[in-house]
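*Asks:* This is the feature table in TrEMBL:
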type	residues	note
DOMAIN	A:94-307	domain 'ABC transmembrane type-1'
TRANSMEM	A:34-65	transmembrane segment
TRANSMEM	A:98-119	transmembrane segment
TRANSMEM	A:131-151	transmembrane segment
TRANSMEM	A:179-201	transmembrane segment
TRANSMEM	A:239-260	transmembrane segment
TRANSMEM	A:286-308	transmembrane segment
Amino acid sequence: MSSVAAKERRAAAAPAQAPASTRGPGLSRRHREWLAAALFLAPDVLGLLVFVAVPMVLSVALSFFQVSGFGSYEWIGLGNYERMMNDPLFWDSMKITGLYVVILVPVLFCVSLGLGLLVKQKLPGMGVYRTALFLPYVISLVVVGVLWKFLLDEQTGAVNRAMRAAGLDGESWLGSPSLALGCVIAVMVWVMMGYYMIIFLSGLQEIPQEYYEAAKLDGAGPWRQFRSITWPLLRPTSFFVLMMSTVAAITGGLDLIFVLTNGGPANGTSLAIFYIYQQAFGFGEYGYASAMGSFLVLIMVAVSAVIFKFTRGGRFDDGQ
Amino acid sequence: MLQHGNEAGHPAPSPAGTSRRRFLTAMAGTGAAVAAPALLTGCGTARAKGGNLQFWNFYGPQRSPDPAINAQSKWFTDMVGKWNATHKQQIDLVYLPQPTYLNGFKLPSAFATGEGPDIFMLSPGDFLRYYNGGVLEDLTPHMEKAAVEDFGSALDSRKVDGKVYALPMEVEPLAMFYSQGLWEKAGLSEADIPTTWDQMLDIGDKLGSRTTAGLVFETNPGYYQNFTWYPWMWQGGGDVLDERGGVAFDSKGTRQALTLWQDAVRHGIAPRTVPAAGDVIGGFKGGNVGMWQQGIWNVASFKAFAPDYPYGVFKLPTPPGGDYVTALGGWSFCANAQGRNPEVAAEFCVWALGSMKDDSIDRMVDWCVRAKTDVAPRASALERGAAKGGYDAEVMRRFKDEIFPGGRAEPRYPPVVYKAISDAIQGTMLAGRGVESEIERATRSIDAYTKSYKGASLI
């Protein structure tokens, strides 16, 4: 009886197993699946390899050379890193970058979240508002820089005109070391807020409406609803925004700085990325710039790791 | 199961004491070190490629709403067209917008990968970097002695050991441009044109208002700001390096030049940012500028965009006991020694600007008095330009007869020296830092650099 049952089980199982083990004229099914997966992945992997991985490796390699900028390479080991450690301008630029990131990321986060909450409302013409708020993000940073350079002009800029009309003295927004970095941050928030607003909006729309209806029945006000429903359920989105904006703040903004202040006044807006660019393409110090670039990547990895650790990689509720 | 520290899974060390992994790592490292330069340079040079020579520039061919720019573009296309019609080796013009050419990564990246243009334009500030990089072809063998003499001191900053490596196409002196309308409105006349720094600051104060900058100095950090600041330092006898190449930055001349710009900003006479986002003509036309230290090239811009705007120029005022000096800028033609055909590229540069033939001299005249408004760097071209009436207009006459004669060529300091000076200017002018401390810091930086510097003379 048992042998009959076993035969029946084998017979039933046989058709299902057959395709996996059948060896046709070509590859087995398993191998064909592997091949399909590899082919699907190949464009991305190749792209990453050619445009990200190889340049990164070459950049690290370059940091060990003294490069003339005219095709001459001399191996100097850690020479560029030693120079970096003793370069006060580099450390000044790192401090400015730190300040820039510490202010920009939370401000951008709050503004984007606030806008996300606002544009989630079902009001007539909301699509127009969303588009208008997203618009700065699609404009080239060079154009943004020129635009704001005129708006913040000392004599004729719209900002100072408005201040004078209100009976206030105008300011040299881009010419004063104490104000210039703040202006760069403000412009950057203006540019980026639309993008992160959309990210937050998609996160907000994922939260089931029933939770809010239930909370209202329980007498929860808007603030209570935000604290108890929106904020906890939005944490994965918040983590994404935090990560992306931090990385963007550390490595981005070069075009804007270039047009708006050129690193001035008195190096007041010379972010690390600007200083690295200046050393590479202004002074032909490619080896040194690569060393600083590699160091900046390390810092970025470290900051990302800290964010991952504190937020548990966005998996906030695991194990709770 | 392997235990921590268990060596079972590791290969045994080789007899020489080097593990296979270590050996492979060392080989990979050596291989990478050897291969990296080749990979990083793109494994080739332009020389091996042949074909038409490329002339990278920021003038043409292009089409612009500005008639002056179109005329300059045409000058370039006509010049190359004429060469191509009479020579076997053809040349292609490659236009790069000026910001890309000056501050972009295209030109430096091209040279770094051995793909630099065969012929290109160079400013004095970049001369040493390119010379020391070995990419400047010696133009002397293609030049007649008379032609070298015709250029005179205009070649000083383009020579190394008596050999010419770049040929200037123009000389661009700096002067003070002023608005005659605002001048009259403030009750000033031509007799009030300042000759001293104090007078200049007083008049700047009179011309200024909430919406008008009385006196404008360059505020953006960069080679150009240094270039505009040097004459103020030179006028008081200051310099960055002395005649033997030693550091001379710590001097009375430097101190008073830094103080001048600092005081002008501190007292609100000069703005902290240039008006109209740097648009000179727009700034003047909008009534936002009283005086602006600018170069001769703006004469062409006024002619194109504000031909009826009443403005004047005067030479830079001097400090007490100082001598008049202005800075002379201007771009040069260079041939790439690592290009496809350096010989022909050098021949082209000399044919275009540095031959004793009428054609070559007239081409320079045409550039300096018609296509653009510049002082010609060759005595013969300056003479011919004047004879053609190119310097008859009052502003151009002043540039030729009053402003240019006291000029000194823009220095060719390398990036580290430039940056030290730039930080001193920016620190004192815009951050209000002490003049003494900034001079000390800059001197230390320049001194450290010059002690380890290897290359052609810095002066």
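From the backbone N, Cα and C atoms, a Cβ is placed for every residue, glycine too.
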*Asks:* Out of A:131-151, A:179-201, A:239-260, what stretch is closest in contact terms to the transmembrane segment (A:98-119), meaning most Cβ pairs under 8 angstroms?
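*Replies:* Comparing A:131-151, A:179-201, A:239-260: A:179-201 has the most Cβ pairs near the transmembrane segment (A:98-119).
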*Asks:* Other than its close neighbours in sequence, what residues sit by the transmembrane segment (A:239-260), given a CB gap under 8 Å and a spacing of at least six beyond its ends?
*Replies:* 97, 100-101, 104-105, 108-109, 112-113, 140-142, 144-146, 148-149, 174, 183-184, 187-188, 191-192, 196, 199-200, 269-274, 277, 296, 299-300, 303-304, 307, 311, 313-314, 316
*Asks:* Should anything in the same chain at least six residues away from the transmembrane segment (A:34-65) have a Cβ under 8 Å from its Cβ atoms, list it; otherwise answer none.
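*Replies:* Residues 27, 73-81, 286-288, 290-291, 293-294, 297.
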